[in-house]
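Asker: So Swiss-Prot has the following annotated:
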- Cys62, Cys65, Cys68, Cys112: [4Fe-4S] cluster 1 binding site (BINDING)
- Cys72, Cys102, Cys105, Cys108: [4Fe-4S] cluster 2 binding site (BINDING)
- 52-82: domain '4Fe-4S ferredoxin-type 1' (DOMAIN)
- 93-122: domain '4Fe-4S ferredoxin-type 2' (DOMAIN)
Amino acid sequence: MNISATARSLLLQEFVSAFFLAMRYFFKPKPTLNYPFEKGPISPRFRGEHALRRYPNGEERCIACKLCEAVCPAQAITIEAGPRRNDGTRRTVRYDIDMVKCIYCGLCQEACPVDAIVEGPNFEFATETREELYYDKAKLLANGDRWEREISKAIALDAPYR
């Protein structure tokens, strides 16, 4: 055993360095959050609860093109299109998402040409029954109305990367 190793063991260098390291972290602010009361930041690309958006005049955006239904790998989306209107457009009569099947891949949002179906910022939608996870058009539109400000802000932040 050489002299430097003996000196280090006598002076308890590892103990002292560990003690100062512990003291440094002891007085730092805690990195954890008190979750139900504090929420961390969410990325603009976060994929949470689905929502159907409306135009500013209140008309729903969905044009019943059924691209989201076709691209969904889990086959969680069911759409029934209504008859064509006088102006040539059509809207959905039925728009259902089975959230039990959904894998939150975001392909429906990417496929939508008018940004009608989006995945919003809400990640707290636990339910007591499976039936509550079958979203119909009214529930999706209500989600869109509730989260419109956050959704439009996230889409604007993500626009340069699309």
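A Cβ is built for glycine as well, from the same backbone N, Cα and C atoms used for every other residue.
Map the listed features onto the structure and describe their local environment.
Answerer: DSSP classifies Cys62 ([4Fe-4S] cluster 1 binding site) as coil under the three-state reduction. Contacts of Cys62 ([4Fe-4S] cluster 1 binding site) defined by a Cβ separation under 8 A and a same-chain sequence distance of 6+ are given as Leu52, Arg91, Thr92, Tyr95, Val114, Ala116, Ile117, in order along the sequence.
Note on Cys102 ([4Fe-4S] cluster 2 binding site): other Cβ atoms within 10 Å of its Cβ, all shown chains, come to 21. Look at Cys102 ([4Fe-4S] cluster 2 binding site): DSSP puts it in coil.
Cβ atoms under 8 Å from those of the domain '4Fe-4S ferredoxin-type 1' (52-82) belong to residues 89-103, 105, 107-118, 137, 140-141, 143-145, 148, 151 of the same chain, restricted to positions at least 6 beyond its ends.
Sequence-remote contacts of a segment are chain residues at least 6 beyond its ends whose Cβ falls under 8 Å from one of its Cβ atoms, and for the domain '4Fe-4S ferredoxin-type 2' (93-122) they are 42, 46-53, 60-63, 65, 67-68, 70-82, 130, 133-137, 140, 143-144, 147, 150-151, 154-155.
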Asker: Given the model, what does the mean pLDDT over the domain '4Fe-4S ferredoxin-type 2' (93-122) come out as?
Answerer: 95
Asker: Say you check the Cα of Cys112 ([4Fe-4S] cluster 1 binding site) against those of the binding-site residues Cys72, Cys102, Cys105; which is nearest?
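Answerer: When the Cα distances are compared, Cys72 comes out closest.
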Asker: Other residues with Cβ within 8 Å of the Cβ centroid of Cys62, Cys65, Cys68, Cys112 at the [4Fe-4S] cluster 1 site?
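Answerer: So the extra residues in range turn out to be Ile63, Ala64, Lys66, Leu67, Glu69, Ile79, Cys108, Ala111, Pro113, Val114, Ala116, Ile117.
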